[in-house]
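Here is what TrEMBL says about this protein:
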type     : residues  : note
ACT_SITE : D129      : active site
ACT_SITE : D315      : active site
DISULFID : C142-C148 : disulfide bond
DISULFID : C349-C386 : disulfide bond
DOMAIN   : 111-424   : domain 'Peptidase A1'
Amino acid sequence: MITLGLKQAIQHLKSDVYFFSVIERSIFSLCFVNFSWNNRIIMRLILVLNVLTILFESISGAGLKVSLKRTYVTRDGQWLKNVKTQSKRYTQFFEAGSPKVALTNYQNVTYYGEIALGNPLQKFNVVFDTGSSDLWVPSKKCWWSLACWNHNTYNSDKSSTYELVKDAFSIQYGTGSVLGIVARDSLWIDNTEIKHQQFGEATAESRQTFRPAKFDGIFGLGLPDLSTTNSLPPVYNMVHQRLISHPVFSVYLNRNESSAHGGEILFGDINQDYIQGPLSEHPVISTSYWMIFMSNIETTTGVQWCENGFQAVPDTGSSLVLGPYEDIIEILEYMGAQITPEGLGFVDCDHVDTLPNITFVADDRKLTLQAEDYVLRGEENGSTYCLAGFNAVRNLDFWILGDVFLGKFYTVFKIGSNPTVSFGDLKKV
């Protein structure tokens, strides 16, 4: 476990964002050329102190904040049908040898926030998705796709900063697809302009996935290697344009379904108001996904699974925890769940409080889910059901840690030459 402190944050900032020595040498040569050697040393120290003062002032900034909205989800028969369909599609999609794909299941997503594009601003609700790397919104040119008709669309003719890139793009997600053209324009987040952001104008979208959605588009937070539009993800442009102090973004998902506040995405900072105790930092082991290594999964009774370790991807765009078929089935069987052909498990609603804690171990950090964290209640045909938030997927050889997992922790993603994912315990409310 590694505790992130101010010293480490400064080092990250120096190595990944700013080049202090270049700035310092340039100003020194311009301003102090006529000073004696001793005076130069003194002024050099003063300059460094001034730069550090600016640095500390920038670190204290609040970052760029996006408040998340929550879609009220009725876990009825249709919701359950979508979950089962999702499992079948993932099984087909993750066949051996499949190319890199966006991990997200958008049919059951519940969190989204507002951004804007262009000058003057055109506003959109988007899903902030760590399982994909592209930003796209519906285009005004999306004439023949029903999924675009009931959403906000981007009109390039109305923006004075629009640039046509001309490249075509096509993105295949786990449960749908989009295609269109690549453009470039100003992106606005928290009243801050990110200039020349490349993004996709979707001219066709999968109707079943995107037409009923409460959001308009997708804001990819994944690594650049996964981009299908050959675009630099927005958070990287925020760093390059020096709009944020730290090369990080932080995610808080509010799992309290009665709360109007859905959570928060914070670019360039960490919101200590949500965290208790230290953060544990884990290195990313993939160039495509926010993939980390986990040691094993265990319960308080000593039972363990995946004892040789496994790879896991924190994915804000997926609702459940997905994993290799055999591993998840063993966990569901241990719970005494009734297992469906789709790899889902239903548990007795009257005995949820007797279900085991499920602990994911990463390095020496134990990340524990209690039954109240992973059991989802719903109704079908007038009867209440309880679904364990784990989905066994055939042909999947790594784990996808969706909202069931991420809602329990405060998660920090650090970009740069050595990307990391950090987890912190949420404060008790």
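From the backbone N, Cα and C atoms, a Cβ is placed for every residue, glycine too.
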Taking only the Cα atoms, work out how far D315 (active site) lies from D129 (active site), in Å, as a whole number.
7
Go through D129, D315, our active-site residues, and report the one whose Cβ sees the most other Cβ atoms within 10 Å.
D315
Let me spell it out: for each of the disulfide-bonded residues (C148, C386), count the other Cβ atoms within 10 Å of that residue's Cβ, using every protein chain shown. Which one has the most?
C148
What is the average pLDDT across the domain 'Peptidase A1' (111-424)?
93
Secondary-structure category, per DSSP, in which D315 (active site) falls:
coil
